[in-house]
Amino acid sequence: MPRFAANLSMMFTERPFLERFGAAAAAGFEAVEYLFPYDHPADEVAAALRAAGLRQVLFNLPPGDWAKGERGLAALPERAEEFRRSVATALDYARALDAPMLHAMAGLAPAGEPAATAAYLDALRFAADAAGEAGRTLLIEPINRRDMPGYFLDDFGRAAEIIDRLGHPNLKLQFDIYHRQILHGDVLKGLEALLPAIGHVQTASVPLRHEPGTGELDDFRIFAALDALGYEGWVGCEYRPAGATLDGLGWLERACDPQDSRAAHNWRAPF
Ligand SMILES: O=C(O)C(=O)[C@H](O)CO
Ligand SMILES: [Mg+2]
């Protein structure tokens, strides 16, 4: 089974942010991801991470004013300077946390608009170069239109084209299974086709974004398929627990149980 990282923006939210690290470790996780660490000094976040004995897998670049509805800066031509400063901020945190991957959110902009596309390509080139110099990888993630209406990057094919076009060794795809299913379906074929571009995977049930195994997809078969494809990265658990976080963790035990018939046996991956 893949290696799972707890998403501390959605899981363990019963506690203040810095206490979620210890809770995730106590629940058996070895790694974490979350949206943003910037409300806390980097050394405090790093101390919480280290005290819990966890690895930091991923977090996002500063997205602009999240509370006011902003969802990233990369495709906003008028925010190019701010985006560049946000890369430096994120890399400072990445160094403190030893985080290998950073997600650059595109922002709200019309998908086909030439000025937004040009700004996005420039921003990604700049950020991927900076990430590369710092030994990190930059990720882009298509997000579904229902959860984030107007988000610039709302198509997996377009994300793959952009990664291909930029051809940057430090630019990869964040394949969120939840968004993929809502946008296009065909999850297994999508994973297979895009595997060389994928740097990170995230999971949640569809449509309610709860625990894996509680929605319309057979998430355990998808995890087995990731193994069959040879995916060696992390799978971020970016779901909202249906109840208390700990009460919903039975899926993890099952996913990690090699004896589980649907997870490991009794099924041949279609690759
Ligand atoms: O919403 C998601 O799926 C994400 O992974 C982003 O990082 C933030 O919206
Ligand atoms: Mg995601």
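The backbone N, Cα and C atoms fix where each Cβ goes, and this holds for glycine too.
The annotation active site, proton donor/acceptor is assigned in TrEMBL to Glu141, Glu238. Taken from TrEMBL, the feature domain 'Xylose isomerase-like TIM barrel' covers 22-254.
Within 10 Å of the Cβ of Glu238 (active site, proton donor/acceptor) there are 25 other Cβ atoms, across all protein chains. DSSP assigns Glu141 (active site, proton donor/acceptor) to coil in the three-state reduction, outside any helix or strand. Glu238 (active site, proton donor/acceptor) falls within neither a helix nor a strand when secondary structure is assigned with DSSP, and so counts as coil. The Cβ of Glu141 (active site, proton donor/acceptor) lies under 8 Å from the Cβ of His103, Met105, Leu153, Ala159, Leu173, Gln174, Phe175, Asp176, His179, Gln202, each on the same chain and at least six residues away in sequence.
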